[in-house]
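Have a look at the structure below before the remarks.
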Amino acid sequence: MFDSDKNSILQSDFCQRLVVHSLLLVFLVILLCTSLYPSSAFIVGLLSSTCAAIGTYEMSSMVRMKFPFSFTRYSSIGSAIFVALTCLTARCKMLLPEHVDLIPWFFLFFWTVHLVFKSRHYKLGPIGSTGLALFCMLYVSVPIRLFLHILYGFVHTDTPFIGIWWAIFLIATTKSSDIFGYFFGKAFGKKRIAPVISPNKTVVGFVAGCIASILVSLIFYSHLPKSFANQIAMPWILVALGIILGISGFFGDIIESTFKRDAQIKNSSDLESIGGMLDVLDSLLLSTPIVYAILLITQNGTFLG
């Protein structure tokens, strides 16, 4: 009786998560495929800024549960503007003066200086308040910035859509690891990897997630467009990336679980079937910098990081 109830709950929860995440992925793929057009680029910038603002707000809210932190709103606004400027400079880099990509960093610097003066009379003081605010902003907004650079890093080449291909590859491999790791871990997992930090993470789920990301990377490798083949140095690296992204996505999830455990909460927010923005982004926050670094190393001279 209890096993039957457990299985039905598991199936219902998994189906709900699968449907919601699948719809989100379909929407993202459609948006990314058209992201080189001005109207879609504007939507990409708006969506990225919104994700950065919400994610930073959730991270700041967790900090607030541990410390008398007063910069939740300012951190969110700072992240949103930082990402919006990044999207603008990344998409229009070829049309703007050299070193224009430094503009978001200049903004972040002066925003931090503004917070230093604003925090003089707060309990944590300038060092504590500004340090925590800067961490919350960087933890969420920098990976999103790197994702935008991956997306628009090939706009100067004869095949500008290769950035879209890499962005979809990154999301597909990482999120497939998330979904399959969750399902197989729930259904068959017994031995826990980190019972104190994240009791739901099991060895079976971890292995299943890595296998899923490898399979997805193999699909991308086998269907690599001929027009892209010459632009991708060392195509076999896609298979290796499947393993790396499966592992990095897992640890990205573990890192966020560590923050949530410290703040004594289950989800970063209360969105149905999602949890929170950080619960959606957690694995990508670690896997995105890895793909960005790989592109810098292997696509030297082609990728504008």
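The first residue you see is number 1, and the count goes up from there.
Any Cβ shown, glycine's included, is placed from N, Cα and C.
Annotation source Swiss-Prot lists transmembrane segment at 24-44 (among others).
The annotation transmembrane segment is assigned in Swiss-Prot to 97-117 (among others) on the grounds of sequence analysis.
The transmembrane segment annotation in Swiss-Prot covers 124-144 (among others) and is backed by sequence analysis.
Swiss-Prot lists 151-171 (among others) with the feature transmembrane segment, giving sequence analysis as the kind of evidence.
Here Swiss-Prot flags 202-222 (among others) as transmembrane segment, drawing on sequence analysis.
Marked as transmembrane segment by Swiss-Prot on the basis of sequence analysis: 232-252 (among others).
According to Swiss-Prot, the transmembrane segment annotation covers 277-297 (among others), on the basis of sequence analysis. Within the chain, the transmembrane segment (277-297) has long-range Cβ neighbours (under 8 A, six or more residues past its boundaries) at 24, 51, 54-55, 58-59, 139-140, 142-144, 146-147, 149-150, 153, 166, 169-171, 173-175, 177-178, 237, 241, 244-245, 248-253, 255-256, 267-269, 271, 303, 305.
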Task: Determine whether the transmembrane segment (151-171) and the transmembrane segment (24-44) share at least three Cβ pairs under 8 Å, counting only pairs 6 or more apart in sequence.
output: yes
